[in-house]
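Enquirer: These came from TrEMBL, pasted as-is:
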- 21-32: compositional bias 'Basic and acidic residues' (COMPBIAS)
- 117-152: domain 'Zinc finger DksA/TraR C4-type' (DOMAIN)
- 1-38: region 'Disordered' (REGION)
- 67-91: region 'Disordered' (REGION)
- 122-146: zinc finger (ZN_FING)
Amino acid sequence: MSIRDAISNAPAKDQFPTLSEDVKSFPVREGEEPWTGAEVETLADDLIAENVRLSAELTAADQELSELLRNSGDGAGDDQADSGSSALEREQELTLVNNTRDLLAQNARALARIGAGTYGACESCGEAIGKARLQAFPRATLCVTCKQREERR
């Protein structure tokens, strides 16, 4: 099953019918207000909308990459500059496809964490990631401290 197949485009309230109860278990940092169902539903709906957009981008990029790969075989008579330009274009398109797939996977993971009731907990230390961080970057899986530690490695 592909990432696109695993992603539902249904609204958050349909995907997570017990969300208003589940959010009570979502951790928050000291001094933060508890999560509300509306806040998490908004984040989930934003992730779902982004998935729709990214899926369309991925489909277009996959088609473009397929076309570039099909055309790369008939390079008879191309000079080295044309060949290099085509290789660069294929590499850029492949990077775009891979980045889009990564974002879709991160969004699917965030939505799965919402559904599992583990959204907001750092996957490394278990502490709260923080509402502000998650509202700015809903795909976050690490608190700031753990993310900084990871980046120093």
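The backbone N, Cα and C atoms fix where each Cβ goes, and this holds for glycine too.
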Enquirer: Take the zinc finger (122-146) and average the pLDDT across it for me.
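Expert: So the average pLDDT across the zinc finger (122-146) works out to 96.
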Enquirer: Please list, for the zinc finger (122-146), how many residues fall into helix, strand and coil according to DSSP.
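Expert: Its residues fall into 9 helix, 1 strand, 15 coil.
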